[in-house]
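Report on the following structure.
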Amino acid sequence: AAASAPSVFLPIEKFSSVDFSSHRNPNSSFTMNCSISGEVPEEPVVSTKSGLLYEKRLIERHISDYGKCPVTGEVLTMDDIVPVKTGKIVKPRSLTAASIPGMLGMFQNEWDALMLSNFALEQQLHTARQELSHALYQHDAACRVIARLKKERDEARSLLAQAERQAPLPASAATANVSALSNGKRAAESEDMGPGGKRMRPGIPPTLAPIDALERYTQLSSHPLHKTNKPGITSIDINLSKDIVATGGVDSSAVLFDRTSGEILSTLNGHSKKVTSVKFVAQNDVFLSGSADKTVRIWQGSEDGKYDCRHILKDHTAEVQAVTVHATNNYFVTASLDTTWCFYDLSSGLCLTQVEDPSNSMGYTSAAFHPDGLILGTGTTGATVRIWDVKSRGNVANFDGHTGAVTAISFSENGYFLATAAHDGVKLWDLRKLKNFRSFELYDQDTPTNSVDFDHSGSYLAIAGSDIRVYQVGSVKAEWNCIKTLPDLSGTGKATCVKFGTDAKYLAVGSMDRNLRIFGLPEGDDASTES
């Protein structure tokens, strides 16, 4: 037998490091695995006592915790560890990447992770868009309030300058004024009282019809706008800038009437049932109509005075009872007996959201935006008034206390008060404290109150039922005095809708006959009032 070659051992203690980088064949499949993890180490070291190979960070942690070799159990310190120098280590492929099915599974996992990441980004984008939309709402509302305050300031300055020019104060009167203003309370009390001891509201536009003018209002004209076979006007709105009155009728048509000339501008046909609500949009000559046929129509005016139907909206499944336009004139809301309200983009006619409260089984009978556009008020068939946050579409408050369906709601221009009408009369609500502070039970139990409307200055409130009554707006503590009671001259005993004209210079009234009636100050009284 051939003698075996003698083995040669080199004591590893003689080396401060071991270098395999220059002797490794790059084509060989030789690999060194860590004795702890079983994987190829990124920073290999070897024990001088056992000759075992480790990942440096793993053996360091083990020695610091236990102070011995993890395999042999003998005592081991970091002085017994020698680094191993090797060439660049290429880790072998994992088993999943070594076959086509494994690679397909790996690609599927990557795709799923990508889709989840994309979904998260879309959610973040949607949230950012909602926050931006809310910020734009607040900005538009703030701009509107600022513009109104500037207008009131300029009108007050103009009125003051005119008064100073017409009646300059003598020195003695000026001295008396200074002494009066030194007592703030007495001065304020004197300013609140007008001729005849009637309280005057501060900040009233100089062109607003005064109280003594409203006391002399009478019927100025009556106009048969709708068909005789289906009489009845259900809704009224006024384009204040053009003095055009719109009426919606039981005869399924809407009529646009020029009050100045006394002529019908256009009759809009297309609905198959009665028109329940009509609204002008202050910009771009747009008009909206809602109907019992479950649809809403957007009409676009042209230079020749005609209106064309631009969109027919069919998102509701029951009668549309109310249409209200947002303060920005870019959006509007419709309320229906199907227990939902829809928020629309005016330019496209798209329903941006349809809100349904699962806890509410009552249909909506009326709706109105708050002047700042951030909250929406709706009346229901169940005698409840519901207040909504437009941004979150959440129900933030409920007002109970009425009897029967809430037929109409109106916010005052300063945003403090809400007037609601129902079968039992009218209730006034303080929106700052969310409570009812006054109620008007005007008619008998068989006569519902059909309409309420604050004028644009927030100085007067009109109520329609078996007659028409005009109140001077007070405050939570001060009385709301009835200035004028106008009879319902239709003979039906049911005034269905009422609306103030520009600066409360006239009232437009609709009843269950086919005539639009205009109440105001006769021409002979205008001169005496101005003088």
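Note: Cβ is positioned from N, Cα and C throughout, glycine not excepted.
Feature annotations, courtesy of TrEMBL:
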| type | residues | note |
| --- | --- | --- |
| DOMAIN | 27-101 | domain 'U-box' |
| REGION | 171-208 | region 'Disordered' |
| REPEAT | 268-300 | repeat 'WD' |
| REPEAT | 313-354 | repeat 'WD' |
| REPEAT | 357-398 | repeat 'WD' |
| REPEAT | 399-439 | repeat 'WD' |
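A Cβ distance under 8 Å defines the sequence-distant neighbours of the repeat 'WD' (357-398), meaning residues of its chain 6+ beyond its ends; these are 130, 133-134, 137-138, 140-141, 144-145, 318, 321-328, 333-341, 343, 404-411, 413-415, 418, 420, 422, 429, 431, 434.
In the repeat 'WD' (357-398), helix, strand and coil residues by DSSP number 0 helix, 22 strand, 20 coil.
Per-residue pLDDT, averaged along the repeat 'WD' (357-398), amounts to 91 for this model. Mapped onto DSSP helix, strand and coil, the repeat 'WD' (268-300) counts 0 helix, 19 strand, 14 coil. Sorting each residue of the repeat 'WD' (399-439) by its DSSP state yields 0 helix, 22 strand, 19 coil.
Residue counts for the domain 'U-box' (27-101) under DSSP (helix as H, G, I; strand as E, B; rest coil) come to 20 helix, 14 strand, 41 coil.
Across the repeat 'WD' (313-354), DSSP helix (H, G, I), strand (E, B) and coil residues number 0 helix, 23 strand, 19 coil.
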